[in-house]
Each structure stands twice: as C-alpha cells, then as structure tokens.
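S.K.: Pulled from Swiss-Prot, these are the listed features:
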- 464-474: compositional bias 'Basic and acidic residues' (COMPBIAS)
- 489-508: compositional bias 'Gly residues' (COMPBIAS)
- 509-521: compositional bias 'Low complexity' (COMPBIAS)
- 404-473: domain 'J' (DOMAIN)
- 33-66: repeat 'TPR 1' (REPEAT)
- 67-100: repeat 'TPR 2' (REPEAT)
- 102-134: repeat 'TPR 3' (REPEAT)
- 176-209: repeat 'TPR 4' (REPEAT)
- 211-244: repeat 'TPR 5' (REPEAT)
- 315-348: repeat 'TPR 6' (REPEAT)
- 349-382: repeat 'TPR 7' (REPEAT)
- 1-21: signal peptide (SIGNAL)
Amino acid sequence: MHLNLAGLAVAATAFLATASALSPQDIPADLPVSNLLTKAQTHLSRGETNEALVYYDAAIARDPTNYLSLFKRATAYLSLGRTSQATEDFNKVLSLKPGFEGAHLQLARLRAKAGDWDAAKAQYGLAGKAPKSAEFVELEEAKLAAHLADMASKGGKWEECVSHAGTAIVVASRSPHLRELRAHCRFELGDVELALSDLQHVLHMKPGDTSPHIVISATSFYALGDLENGIGQVKKCLQSDPDSKICKKLHKQEKKVEKAYKKIQGQLSRGQPTTAGRALVGTADDSGLVPDVRKQVEELKKNKSIPKTARIQLLENLIEMTCQAYTESSHKEAAKYCDESLQLNPDSFWGLLHKGKAQLKSELYDAAIATLEKAAEIRPDQKEKVNPILNKAHIALKRSKTKDYYKVLGVENDADERQIKSAYRKQSKIFHPDKAAKQGIPKEEAEKKMASINEAYEVLSDPELRARFDRGDDPNSQERPNPFQGQGNPFGGGHPFMFQQGGGGGGPNIKFQFGGQPFGF
C-alpha cells in the first residue's frame, strides 16, 4: 500500500484551515462590544481581515448606532475590494453622523475610482476639501484626460487615446468605460495583450457581462494562437452564465478546431505531409481547417469578438503548416501557400525554406544563401533541413563563377544517366564540326563548344567525377593543388618533378628532373 504523503499533507492543511476559520458561533454572546472591537482591531493588525469582519459584524449587530464601528467595517471591506458593501456602510455612517468628513472623503475616492467625476467632486466638497486642494486638482486633471481620450478615439488618434485614458485610469481605476476605451485603442494599435489585460479588469467590474469573456477567448485563441487560454476563458464564461448560447457556440467551435489542429501536428511530425495537406486545405468531401478558420475569423471580426486589425496567429500557423505539408509532399500549390505564409509572417521558417529552394532553382545563388541562412537562424533546431540546401547553394555559387557542366549540357542538377546521355547526343548533333557548318555555326566556335560539351559529358557520365563536381571540386580545374608541391612532396626539398612526353616516331621520351639533375629513360 502506497500513501501519497504530499496529497495527505495538502488535505490536512486545508482541513485545519477550514476548521480554524472563525465563525459568528465562535464569539461568546456575553463579550462586551468594546472587547469585540478590540479583537477586530487585533486581527486587522495581523492582516486577518476576514476574521476582523466577523468581530465587526458581531459588534454592529449588538450596537447598530455606533457609526465608528460601521466606518471601521467599511474600511475593512475596502481592503478586500468589496466596494459595494463599503459604500453601503459609509452611507449608513452619514445617516447616523451627517457631515462626518471621513465618510465623505472615502465616498469621494470611491466615486473618483468609478469615474463618476461630479459625484466625487461633490463628496470632496462635503469632506471640506478646497477647490485648489490636491484632491480637486487631481480629479479635474483625470476628468479632462478622460474627455481627451474619448475625443482621440473618435478621431482615430489611438496613441493619444491610450495615453490620456492611462492618465485618467490612475485616478479612475475602476471605471469600466475607461478600461473598455483603452482596450479598444490598444487593439487598434495592435497591442493585443495589453488590451486583453484591460478587459480582464472589466470582467471584475462587470461580473455578469459575458462580452469581455467572448472577446478575450476569441482573441486569445485565434489572434494570439493561444488555444489553451482561449478555451480556458470561454469555460469561465460558461461558469459565469451556463445558459449563454454565444459562450456554448464559441466553446464548441474552439474545441473542434483544437482537436483538428493537434491531429495535423501529429501527422506532420510522423512524416505524413500528404494526409496533413488534405486535412488543412480540404477535399471534395470535407472542408479543410484553413478555410474553416478563415470563415470563423471573418464572422468573429464582423461580430467584433476579434479586433478587425488584429493579426491572426492561428491562421498564420495553419498557412505555414500547409506550406510545410505541400513542400514535403512536392505539391504543385506549395508556392501559393508558402508565399502567403511569408506575406503573413516574413519570419516563416517553411516559407523561407521554400523561397530559398526557388531562388536556388532560378540561379539566384546569393539571394538563396541569404534566405536559407535567415531560415537557419530563425529555427536552429531545423538545421538538418536547411544545411543540405544551403550547401548546394554555396557550391552552385562557386560553380557559377567557373564552369557549370550541367548548364553546358542543358540539364538539371538532379538529371539521371539517361537524361545526361540524351542531352550529350542532342548537343553533339548541333555543334559537331562536321554538322555545325550546315547550321551556320563557324567552325572555330563549333570546335570550342564541342570541346566544352565533351568535357562536361566526361565529368557527368562518370559517377565519381560527378560526385566531386557536386561537392564543388571541379576535376578539370587548374586551381586544384599539386599533390607533389610544398609539404605534399614525398621526397622533401621542395623541388618539383618535371614530366615531359614527346611525340615522334621514336616513341615517348620521358624525363624526370629531381634536384636539378635529370634522369633519362
């Protein structure tokens, strides 16, 4: 039998915390009100606000006319963010003690936080604050900033809107209107995550409103590509309102997309690009995930559930996945999706890889190298896919500055033996000196061209020589190092051999010269 000690410890702690929580039944009925207030103050000093509230409740129940007890309970409510209950207590204080400045001051601050400028101004006046006091000045500045933010939004001046709204929110931190206004302007600027942060504040201020849930969920899921948090937010919407049709619809839609997305990811990781491509783009019988998401995003933007200017990261991911699937399966429409992937995201790895290949094929070697190096930098974990193509580009660039035997014969780099032989015969028929004259090709030009054709065929028809050429080593290059020079001379001394072969009827005349002394054979 195995015991989960960690689990037991957590359970025990939770049990003890519950058991030790103070309840009204724990307070002796005969404890004097003064003692109750002392106990409440002691708990407050320890940061135990909930326990303090239990004692304040008991004290007020026994003496509901004590305005100071109500005032202290109101401040305790404030510290917990329970503003509606605090406001109620402050109003009770004023009904018992009209003109109590402390209550007016607290109500002024509460109205200011809510962005209720006129009510806050009135309460500051009742609290005895002069028109030139710091509180009045701050309030007027915040009120003006809120007005300027509204005007900037209407004029499409998004940065000004965000700046002015921020100034107002310093004072009116619990104003739903200002938070929603700044969220809107931030969305227009493309600051999606900051805008969502503002909407999270709105949720706390308007707990019964499902609209922020929908915007946060849809924007997180589609615009940010954060599937987990997007679904998590719409679940909170259903917890807030289990009967919400719009929340149910969005939850079902997002779950379906997430399931298909993960399935396609698995297909690509298992090397099934053709299957993945069909799932992404669709077939005659089934719509694909890409068109489905396009349609969903269009509808969500129309309903203002996603900001109209937001980038759609989920769609960018899907387009790049399609580029990958079509590239790996050599699909004829790979260029279409890879080009779109780069338009949506200039740092698309698969888009860059496809572009680099296309540039290499078009003999844009410098551009291909730059593109492929960028791809390798973006995804260091994918270097095994980039490096072989990058090496080809470097070799092709080097070859382009010397001889290109493939180009001489007019064949592709991956041509097989049959294609090479066929190209050789075709070129020979055109440029053979005996036949070139009939086609108007000068004899000297034909001989020169035929020599190049023979040289190219000699290399490409020999697997070993061709392999060397493909690695960037031209077998006919005059720049290759002499194995008998320098340190490579097996006899030392740094003196080269001289090899001469003479013609003539007397047979070869071969001489080797070593160290300045000839040896004749």
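Any Cβ shown, glycine's included, is placed from N, Cα and C.
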S.K.: What residues in the same chain, six or more past the boundaries of the repeat 'TPR 7' (349-382), come closer than 8 Å to it by Cβ-Cβ distance?
M.R.: 320-321, 323-324, 327, 334-335, 338-339, 341-342, 389-390, 392-394, 396-397, 400
S.K.: Near the repeat 'TPR 5' (211-244), which same-chain residues lie under 8 Å Cβ to Cβ, leaving out any that are not at least 6 residues past its ends?
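M.R.: Contacts of the repeat 'TPR 5' (211-244) (Cβ under 8 Å, skipping residues fewer than 6 from its ends): 192-193, 195-196, 199-200, 202-203, 250-251, 254-255, 257-258, 261, 293, 296-297, 300, 304-307, 310-317.
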S.K.: Reported in the order helix, strand, coil, what are the DSSP residue counts of the compositional bias 'Basic and acidic residues' (464-474)?
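M.R.: DSSP classes over the compositional bias 'Basic and acidic residues' (464-474) add up to 7 helix, 0 strand, 4 coil.
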S.K.: Do any residues, 6 or more residues outside the repeat 'TPR 4' (176-209), come within under 8 Å Cβ-to-Cβ of it, and if so which ones?
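M.R.: Here the qualifying positions are 115, 146, 149-150, 152-153, 156, 158-159, 161-162, 165-166, 168-169, 215-216, 219-220, 223-224, 240-241, 307, 309-311.
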S.K.: Averaged over the repeat 'TPR 1' (33-66), what pLDDT does the prediction give?
M.R.: 92
S.K.: So what's near the repeat 'TPR 3' (102-134) in sequence-distant terms, Cβ-Cβ under 8 Å and 6+ beyond its ends?
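M.R.: Answer is 71, 74-75, 78, 83, 86-87, 90-91, 93-94, 142-143, 146, 168, 171-175, 177-178.
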